[in-house]
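Annotated in TrEMBL:
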TRANSMEM  32-52  transmembrane segment
DOMAIN    32-314  domain 'ABC transmembrane type-1'
TRANSMEM  72-94  transmembrane segment
TRANSMEM  138-164  transmembrane segment
TRANSMEM  170-190  transmembrane segment
TRANSMEM  264-295  transmembrane segment
DOMAIN    344-572  domain 'ABC transporter'
Amino acid sequence: MSGTTRALPLAGAVEVRRTVAAYLRPHRGLSAAMVATAVLAALAGLVAPWAIGGLVDGVLAGTTPAEIVVRTAVVAVAGLLSAVLTAVSAALVAKLGQRVLARMREDTVSAALHLPSAVIERSGRGDLLSRVGDDVAVISQVVAALLAPWITALLTVALTMGGLFALDPWLMVAGMLALPVYGFSLRWYLPRAARRYSAERAAFADRAESLVSALEGLPTLRAYGAEAEHVGLVERSSDRARGLSRSVVWFSTRWGKWMNIAELVGLSAIVVAGFVLVDVGAATVGAVTAAALYFHRLFNPLSLLVASFDQVQSAFASLQRIVGVLGIPRERPAGTHDGAPAALVADGVTYRYPGSAEPVLHEVSLRIEPGETIALVGASGAGKSTLATLLAGLVAPDEGTVTFGGGPVAGTGAVLLVPQEAHVFSGPLIEDLRLARQDATEAEVRHALDVVGADWIEELPEGVHTAVGELGHPLGPDRVAQVALARALLADPAVVLLDEATAEASSREAGRLEDAAAAVLRDRAGLVVAHRLRQAAIADRVLVMDDGRVVESGAHDELLAAGGHYARLWEAWSTPRPEAKLALEG
Ligand SMILES: Nc1ncnc2c1ncn2[C@@H]1O[C@H](COP(=O)(O)OP(=O)(O)OP(=O)(O)O)[C@@H](O)[C@H]1O
């Protein structure tokens, strides 16, 4: 299955920066306070080595005990101040990070829920699940554990280098001898790391995809006795993900070794250069002590930056994947189209289900004009439901086009499919209806239910607020169909496609549901996949499908007179069957 999928887009570094900046913009005050405290904390951290250097010089020059006490007090106060400011800045970073992350997480889930179905169809659900699940988790962990230490570490490194330069440029130059070692290790690491981390992420996505498809396709796998084969597939993708994770850990361990070497080189260079400078009288022992302490101060932040570089890079890769999802244009909810009357046109549409040998639709062309109602009829398996799915833009054709007003259907919100098997979600009935339009008032929801004849809501213990679905008040198939039709009314699309919305109905309820369908079709274009040919008789036009092709098209009377496929279907349908007779007599 993953062989036919195409990954969702990845955002570039510039797009990621722009998106993060946009998320930070509403928190300008908090961001400024966080940067100010972090800078002050790093500056306070510079005081202690400088004071200790002064102390060394003082002791060598035979200073007074009082001065030693004062300098020691300065070291203690600066240390305390630095600790307090670091804690405050970490708290501010955590607050800012969590706020931004919470917003981003909400937006990612919302973007995922509004992705055009054709995009999900192409990419497979595993990629999307891994982005809203794994990637958001990776970023949350990094924000919680590393964002504050990283900001402190970056500022500490920058300001300490400044302090080192102020003390003695030559000592800074000596310390910088460590840079080629850092540079070498980064040059070795970076190109390899990016590849490894993205391979690891992709393996996670693949594992999620194989697992989800195995669970979703369980009935099919059981039917064909192919469980073991699919378990093998899941095992192979898990093995690949595990193997890649292990090699990533081994790889970052090898890199860690170079950090210790770089520290050794830098500190040794400062000590040797300091010795020479003191010897020629160009520096004091105190200045060299302070420089060595400054350089030593870099160890922790540098090793933190290095040790967690992989996690931050991995979080950046996740951020690229999430911003990639945020950047996909959303599918506009049905009913939010611009409202200009336009035709829904299928032109030469051919479609084959993934893995099927033969197409189920062959060069189907049709046109639904504004306000026109078309009935689509044909034997079971003729391709009616498949055609409806393509007309709704939920699946892209292999050949040919489906357009609304000359443009693509997916993402316009102009065409709504009421599927054969409507679903009622667990929760208050009113919330289920508001899936169609979030801002629908209770009066509008009640009106929509009233129009589709759902008078049974009055019997529910809490009316439209009653919890329905699997965990609440159960609704039979006829009622579920009414809810689906009421949702369509609320969504108010330009074109509604009703896929046998009345097929579930018991005969007693059939008339009522047909009236409900007629109410949904009023004042808009529509296509009804009609099992009950009574609906075909009142449609403006009837299209007859046979074996994936449209074989007849015309008004009910014309097609009856023509004596072809439709006439035969009508004959079969309108001849009362024994069981229908019994039901009528009963
Ligand atoms: N997900 C799928 N994967 C593979 N083949 C499918 C899938 N769904 C439907 N088909 C096949 O495509 C063909 C057309 O099916 P479709 O459901 O579109 O027909 P239909 O005319 O709507 O039938 P019915 O009136 O029984 O609902 C059938 O042969 C069916 O077996």
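Every residue gets a Cβ built from N, Cα and C, even glycine.
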Inset, instruction - Compare 72-94, 138-164, 264-295 by their Cβ pairs under 8 Å to the transmembrane segment (170-190) and return the stretch that comes out on top. - result: 264-295
Legend entry - Per-region confidence, the domain 'ABC transporter' (344-572) (mean pLDDT, whole number): 86
Legend entry - Remote residues contacting the transmembrane segment (264-295) - C-beta distance under 8 A, at least 6 residues beyond either end: 46, 48-50, 52-58, 60, 160, 163-164, 167-168, 170-178, 181
